[in-house]
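Student: There's a structure below that I have some questions on.
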Amino acid sequence: MVGYDPKPDGRNNTKFQVAVAGSVSGLVTRALISPFDVIKIRFQLQHERLSRSDPSAKYHGILQASRQILQEEGPTAFWKGHVPAQILSIGYGAVQFLSFEMLTELVHRGSVYDAREFSVHFVCGGLAACMATLTVHPVDVLRTRFAAQGEPKVYNTLRHAVGTMYRSEGPQVFYKGLAPTLIAIFPYAGLQFSCYSSLKHLYKWAIPAEGKKNENLQNLLCGSGAGVISKTLTYPLDLFKKRLQVGGFEHARAAFGQVRRYKGLMDCAKQVLQKEGALGFFKGLSPSLLKAALSTGFMFFSYEFFCNVFHCMNRTASQR
């Protein structure tokens, strides 16, 4: 059970254990889904249509993009920006899950609402994600820059990237795309947590008793379903965020096709609609859905697994 559980036999994890479980969950998930993230970002930043019929398009499908990136940049390209991405995932996972557990407990103790309700999980999940985003957003900008650059590289190391970006674009560069990120992350994370809880209830109702023994599989499947639902409903805002994060980085994007500049969130949405059509809002959706299913599934699976491990350790220690 993710979130505060008022039942007497609920998990009794400490806040430190919750943070560790969230961190490890982020670390494991990031290592597994990094290739999908790189492909998704390349698709999102390509202004040309993702179609073979457009001769100027560099990428037009998941398999074609995978082969081309592999041929041009080698297998390590699928883990470009992996160091800042891991820092991002570890920090984000810790803050998000710790905040969510604390917020749901606060709601249960300080209001008439049940901490396990859909609406409570939606609001608490969204707020927890916003707190985590504010904490790690500078690292997210670095990760996007590393994943977006082709060859020759603009940034060689993390330290080089931080220094170059600070000198050429100022300190505000590390919070580029923050507004659309917060706007997108609240409903996305809120739907992740609330849909995960709802799908678990549905799973328990629909699956016979003998099929409920494997709780890990249940967590993985429900997490994957929650990831697909939440990503589909909030995807355009994620695309705007990525486009805005590479503002000022246009020289490194020239090798991938057209280059555009955006004045802000609304201007970005307007230009995408005018020049790429409504389907432009969903560029990169297919790898994103695959990534969302895997990442959200593994995120909840890993978090629940390590929380259960800590719970068993605590119970054993208390019985001595």
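The backbone N, Cα and C atoms fix where each Cβ goes, glycine too.
As annotated by Swiss-Prot, phosphoserine applies to SER51, with the evidence given as a large-scale study or a structure entry. According to Swiss-Prot, the feature repeat 'Solcar 1' maps to 13-106, an assignment based on sequence analysis. For 116-202, the entry in Swiss-Prot reads repeat 'Solcar 2'. For 214-309, the entry in Swiss-Prot reads repeat 'Solcar 3', with the evidence type sequence analysis. According to Swiss-Prot, the motif 'Substrate recognition' annotation covers 241-246, on the basis of similarity to another entry. What Swiss-Prot lists as transmembrane segment is 19-39, 87-107, 122-142, 173-193, 220-240, 293-313, and the listing cites sequence analysis.
Any idea what these are sitting next to in the structure?
Tutor: If you draw a 10 Å sphere around the CB of SER51 (phosphoserine), it holds 11 other CB atoms from the protein chains shown.
Sequence-distant contacts of the motif 'Substrate recognition' (241-246), counting only residues of its own chain at least 6 positions beyond either end whose CB sits under 8 Å from a CB of the stretch, comprise 41, 44-45, 140-141, 144-145, 148, 176-177, 180-181, 184, 253, 260, 262, 264-265, 268, 272.
Using a Cβ-Cβ cut-off under 8 Å and counting only residues 6 or more beyond its ends in the same chain, the transmembrane segment (19-39) has close neighbours at 13, 59, 62, 65-66, 69, 77-82, 85-86, 88-98, 147, 284, 287-288, 290-291, 294-295, 298-300, 302-303, 306-307, 310.
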